[in-house]
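Novice: Mind having a look at this structure? Questions to follow.
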Amino acid sequence: MLVLGIESSCDETGVALYDLEHGLIGNQLHTQMAMHAEYGGVVPELASRDHIRRLVPLTESCLAEAGKTYADIDAVAFTQGPGLGGALLAGSSYANALAFSLDKPVIPVHHLEGHLLSPLLADEKPEFPFVALLVSGGHTQFMAVRGIGDYTLLGESVDDAAGEAFDKTAKLLGLPYPGGAKLSELAKLGSPDAFSFPRPMLHSHDLQMSFSGLKTAVLTAVEKVRAENNGSIPEPTRNDICRAFQDAVVDVLTAKAQKALSDTGFRTLVVAGGVGANWKLRETLGRLKILPPAVKGRPKPQPEAVRVFFPPMAYCTDNGAMIAFAGTMRLKHAQTAGSFNVKPRWPLTDIVDKPNI
Ligand code: KG4
Ligand code: ZN
């Protein structure tokens, strides 16, 4: 069974082919980053138009890469939401038209389910159940995942997503869009003690998070630095701010991950989404241990190891491979009618039908 996956929810056009027997056999991606950079953020209308331009050539390159033809495709999966309405419509119309012309089913996929399942594309795969940390430009959520389609929201950011905070902070520091990855590179050069930013909601006793206050704390620090330096930010100071900001975000995500694992009793953590590419987050979560609660009269509990899975770097940010894969997993429950619509806002917990696999 061969599924073509189409991703077009934001500023990346992704087209991939997933074969149930042989795995991922084609994966093509075009990023619009350079196009949006001069505007300092994604321009939705430009994004939609570019998706339209790229979808056909990317599909042809993907088929050529896999040594397949249109006739070999058994189903077409596409990102139905959440995302930018126009960008989603470009992918949806293309996927539906292609599936209709081939007389094959079309499978609407939730973008976050794509991210969530992307670690299963790695050679070493996590086993259910696990806690998933979805950490992207639009979402920061903890999910209890008991199987495909069985997702319970444990907690999420009440304001900015972690990736959004990375990007906004990068902008404050004068870094070019999209600044998240660049900020994290500069953080490597920063000193750990020069600045200290708050860890919002660290002790909130739940799995809610907040990152907008952190961004404001950075703004205050940046204004002070500028005032002391004739309006500029000296490079070493900028690197120190990057370091302190990243440390604060990673500390919060790590503490909440620990709580999510303790609360559920699961010992597997899966990290997905663009911020999952962050080196510091990978390093810190990679060393995570859980200390079970002490019971009176029993020996002191030993820290328990946690298995932590990250998607391969190439599948951290948006891509077609995760959509082709999630589509394949969903195929048995594919809605072949009425799926042309898109869902720019769509909570992952609203996926009701569970594929029977
Ligand atoms: O999952 P994704 O590609 O798109 C969404 O669905 O949002 O995630 C993009 C986000 C952006 O906010 C970007 O700044 C962030 O992931 N990101 C990073 C890194 N690489 C990408 N954030 C921190 N460190 C990185 N290395
Ligand atoms: Zn994404």
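Positions of Cβ are set from backbone N, Cα and C atoms, glycine also.
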Novice: Check TrEMBL: it lists Leu134, Val135, Ser136, Gly137, Gly138, Asp167, Asn278 as binding substrate. Then name which of Gly180, Gly265, Gly297 it lists for that same site.
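Specialist: Given Leu134, Val135, Ser136, Gly137, Gly138, Asp167, Asn278 bind substrate in TrEMBL, the matching entry from Gly180, Gly265, Gly297 is Gly180.
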Novice: The Fe cation site in TrEMBL includes His111, His115. Which of Asp263, Asp318 is also listed there?
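Specialist: It is Asp318, as the record lists it for that site.
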Novice: For Asp167 (substrate binding site), what is the secondary structure by DSSP, using just helix, strand and coil?
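Specialist: The residue in question, Asp167 (substrate binding site), is helix (DSSP, three-state).
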Novice: Sequence gap of 6 or more, C-beta under 8 Å: which same-chain residues meet both conditions with respect to Gly138 (substrate binding site)?
Specialist: Pro82, Ala161, Gly163, Glu164
Novice: Provide, as an integer number of angstrom, the distance between the C-alpha atoms of His111 (Fe cation binding site) and Gly137 (substrate binding site).
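Specialist: Just about 12 Å between their Cα atoms.
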Novice: How would DSSP class Val135 (substrate binding site) in three states?
Specialist: strand
Novice: Looking only at C-alpha atoms, tell me how far Ser136 (substrate binding site) is from His115 (Fe cation binding site), rounded to the nearest Å.
Specialist: 9
Novice: Find the longest CA to CA distance in the recorded substrate-binding set Leu134, Val135, Ser136, Gly137, Gly138, Asp167, Gly180, Asn278; express it in Å as a whole number.
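Specialist: So the maximum pairwise Cα distance among the substrate binders is 17 Å.
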Novice: Which one is it: of the binding-site residues Ser136, Asn278, which Cβ has the fewest other Cβ atoms within 10 Å in this structure?
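Specialist: Output over binding-site residues Ser136, Asn278: least Cβ neighbours within 10 Å is Ser136.
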